[in-house]
Amino acid sequence: MTQFSNLPIFERARILVVGDTMLDRNWSGLAQRISPEAPVPVVNIEQQTATAGGAANVAMNIAALGGQVYLCGLIGDDDAGAVLRQIMREHAIGDALSVCALPTITKLRVLSQHQQLIRLDFESNRYAECAHLMAVPFNRALPEHDLVIFSDYGKGSLHNVSALIAQAKAAGKWVLVDPKGTDFQRYRGADIVTPNVAELTAVVGHFADEKTMIAKARACLIDAGISAFLITQSEKGMTYVTAQQHYHLPAQAREVFDVTGAGDTVIATLACALASGYDCESAMIFANAAASVVVGKLGTATLTPTELHHALAPRAAKARGLVDLSQLQEQLHYLKKQGKTVVMTNGCFDILHAGHVRYLEEAKALGDCLIVAINTDESVKRLKGADRPANTLASRAAVLAALHSVDWVISFAEDTPADLIAAINPDILVKGGDNRVDDIPGAQWVREHGGSVRVLSYVDGFSTTKTLQQFLSHHEKD
């Protein structure tokens, strides 16, 4: 599996997006009174925006991540179609938007103080009649791309999706599908189909637990001739299922502001990673991290490689065990701009026991992320004696990094972490035991810079020294 310490590079990805293209319009303003004509709010519109939606939003996400993308879809000979085409040009997205004698699909949302009051849809139920218009541009674009995404919103543009998938597979292309409806047989031959829980339930029926979901999903994909499902499960994360195996990835904890278009971001990121040569598990991790970012934005949104890199940073730190100061400072700058609370503690953590685990869980609960600074081996020897530490720095860091409560582990060679604390400048500094706040290294700096210092009680009955003595005693008896 890929290491995640470097910025993801997707510029080699050549992706063809085919599907239901839409224009999302947002009108926002203040709603401070009720209409005298009917019991409805009156909104004084102050701002109007237009963004790409549906398959066009998938293309926007790919372009934002640095991939090369080409869009095939339908638009009407109208203002909305012209706006959508202009958005594609502004973002250097190649397109073959075929003009049909029907209106461009448009979603108009009226909002006040970020709350959606109403959505008005402008569309027809006859787009299937125009689906043949995409055949020629699809045939021309297919040889120039490595992967094809079919973005199905059930509007009719993908009326002939089965034939298009067969054509793409015959050409040796990756095929990903964001599905709609209850007939997954239409997607026969696809490499990965990405239903959410509601979409999967509509096809396989109700399931009470993860095990049943996986069993039903597996039976469905085998029957439909699909290689794999990537099931998005909102706050539960996502699950990758094939005929032989499954893999679950928990969601990254983030504040959810708006889930509009999150599925587009997932499939776009997955496609960029696969088309760039990453393995399926790494691509899934990228997609999961991307979703955690985009749900914190209003409306259909995209993310940049830098945002994705920051979202992946905690996982990279976990994988390495130790993180260096410059990387940590970069990540903390990003988090503090988001208003996150950074907690820091320190210690030798030579032999991790239940008392340590409880202490670190309590420390993490004080904020959004926890940094654990640990003494180097030489520093431990100076503090504890020549026979310590029992475990090397790398071993201690790896064990700490494996804890759910710990976000980053960093080392310091000095006898105290005062300089490191000043460099990190946490919002909350935590120590355990009977320490007086004034005696805690770095406490004065933290308080002078607007932070706070907390002393947490250790759990009775646990001690590294006591644990070592008991081990040596038992060893001598043996």
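These residue numbers are counts, starting from 1, taken along the chain as shown.
Glycine residues also receive a Cβ, built from the backbone N, Cα and C atoms like all the rest.
For 1-319, the entry in Swiss-Prot reads region 'Ribokinase'. Feature annotation from Swiss-Prot assigns ATP binding site to ASN196, VAL197, ALA198, GLU199; the stated evidence is sequence analysis. What Swiss-Prot lists as active site is ASP264, and the listing cites sequence analysis. Marked as region 'Cytidylyltransferase' by Swiss-Prot: 344-478.
Location within the structure of each feature annotated in Swiss-Prot.
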residue: ASN196; record: ATP binding site; Cβ within 10 Å: 18
residue: VAL197; record: ATP binding site; Cβ within 10 Å: 15
residue: ALA198; record: ATP binding site; Cβ within 10 Å: 9
residue: GLU199; record: ATP binding site; Cβ within 10 Å: 20
residue: ASP264; record: active site; Cβ within 10 Å: 28
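Helix, strand and coil content of the region 'Cytidylyltransferase' (344-478), in residues and according to DSSP, is 58 helix, 26 strand, 51 coil.
Look at ASN196 (ATP binding site): DSSP puts it in a strand. Taking the region 'Ribokinase' (1-319) as a whole, pLDDT averages 90 in the prediction.
For ASP264 (active site), the nearest of the binding-site residues by C-alpha distance turns out to be ASN196; the candidates were ASN196, VAL197, ALA198, GLU199. Secondary structure at ASP264 (active site), as computed by DSSP, is helix.
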